[in-house]
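Participant: After the structure tokens below, expect a handful of questions from me.
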Amino acid sequence: MNDLVNLLDLDADALTAYCGELGEKPFRARQLQRWIHQFGASRFDAMSDLAKSLREKLATRAEIRSPAAITDNLSADGTRKWLLDVGNGNAVETVYIPEETRGTLCVSSQAGCAVNCRFCSTGKQGFSRNLTTGEIIGQLWMAEFAMREQLGRGPKDDRVISNVVMMGMGEPLLNYDAVVPAMRLMLDDNAYGLSRRRVTLSTSGVVPMMDRLSKDLPVALAVSLHASNDALRDVLVPLNKKYPLAELMAACRRYLEFAPRDFITFEYCMLDGVNDGVEHARELLKLVADVPCKFNLIPFNPFPESGLKRSNNDQIRRFAQVLMDAGIVTTIRKTRGDDIDAACGQLAGEVKDRTRLAERGKFGKITPLVPVAATGQAGEARPA
């Protein structure tokens, strides 16, 4: 059994408390945090300004460990996707998306997902477990320093990753106690120093936790809407049966009182013949009439056995035009990295399926598809 404390699990307050338990003053925690999150150090003996006595204590009591990479794939368009091992046959996905003025990392919060949206590959896997704070922030830690090795730092010695979206596998608000400390580290100037406007949490609409987040750590909010009425959303997003649209819209209005942005982003997956009619767009206008918002229309990314099809481009444009004619800012998400993956969650689902087969004796051992050595500082092997 591993009794070492993973320091990636600790935000600033928790790290200060831990150093106090070791008999160290608070400034040592700040030094340690900088080494980990600003410089990507994974070895205590590399932390040259820490007292030797502290380094020796840490070497026997603590570790810095992020999930190990099973695969690491780079698309022709610059998108980079990691499949990360979180144990017991479970894997999660992390994606870096380059754009002209920013680099965005899409982070997972759970292995699997209990919400089970009709169009989501992750939901079809079922729910395995919540990720720890260290497994969540570890995705940013791993990706930032991997991207620095690939691209170098920016012209002003900037970080490569300027934005984080909690839009990967899982429902973040159903893993609140691990997600919030991870986001605190993202915002901490002594760690990643992102602004609240540059960290976006996406939720399917867990209303009580939206209210809690608005008071604890109001970051930018995206809501997975995907339907214009309750009858349709009950089918596409089963959580709607618990928190119907009227409650969700009221929660969005309350959140805006605290939000760093003056609008909510509504995500809407475009499904051919299901939710993509002009009548659905007009119904949306009534639904969001008193919620300052923008829409992000997402072409459906097909996966096996979904039984759904992507709306064609002309239909997506017609749908978008209805919203834009009403004055709502509307974007159509570009499909990225098509040459390295399919739907979000599909690679992780393949690992889980292979694990289940192995447990039934059809495979002897689960081996990585493409073994990758993630690194911390240049030339430094990152521990598995």
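In case you wondered, yes, glycine gets a Cβ from its N, Cα and C as well.
Straight from Swiss-Prot, here's the annotation block:
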ACT_SITE  GLU93  active site, proton acceptor
DOMAIN    99-339  domain 'Radical SAM core'
DISULFID  CYS106-CYS344  disulfide bond
BINDING   CYS113, CYS117, CYS120  [4Fe-4S] cluster binding site
BINDING   GLY170, GLU171, SER202, SER224, LEU225, HIS226, ASN301  S-adenosyl-L-methionine binding site
ACT_SITE  CYS344  active site, S-methylcysteine intermediate
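Explain the structural surroundings of these features, please.
Facilitator: Every protein chain shown contributes to the tally, and the Cβ of GLU93 (active site, proton acceptor) ends up with 23 other Cβ atoms within 10 Å. In the three-state DSSP scheme, GLU93 (active site, proton acceptor) is classed as strand.
On the 0 to 100 pLDDT scale, the domain 'Radical SAM core' (99-339) averages 95 in this prediction.
Cβ contacts within 10 Å of CYS106 (disulfide bond), excluding its own Cβ and spanning all protein chains shown: 23. According to DSSP, CYS106 (disulfide bond) sits within a strand segment.
For CYS113 ([4Fe-4S] cluster binding site), the Cβ neighbour count at a 10 Å cut-off comes to 24, with all displayed protein chains included.
The Cβ neighbour count for SER224 (S-adenosyl-L-methionine binding site), using a 10 Å radius over every protein chain in view, is 24.
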Participant: List, in sequence order, those recorded positions among CYS106, CYS113, GLU171, SER202, LEU225 whose Cα sits within 10 Å of the Cα of GLU93 (active site, proton acceptor).
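Facilitator: Close recorded positions: CYS106.
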Participant: In whole Å, how far is CYS120 ([4Fe-4S] cluster binding site) from GLY170 (S-adenosyl-L-methionine binding site) when you measure between their Cα atoms?
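Facilitator: Spelling it out, the Cα of GLY170 (S-adenosyl-L-methionine binding site) and the Cα of CYS120 ([4Fe-4S] cluster binding site) are 10 Å apart.
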Participant: Rounded to an integer, what is the Cα-Cα distance in Å between ASN301 (S-adenosyl-L-methionine binding site) and CYS117 ([4Fe-4S] cluster binding site)?
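Facilitator: One finds 13 Å between the Cα atoms of these residues.
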Participant: Please identify, from the binding-site residues CYS120, LEU225, the residue with the sparsest Cβ neighbourhood, meaning fewest other Cβ atoms within 10 angstroms.
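Facilitator: Comparing Cβ neighbours within 10 Å for the binding-site residues CYS120, LEU225, CYS120 has the fewest.
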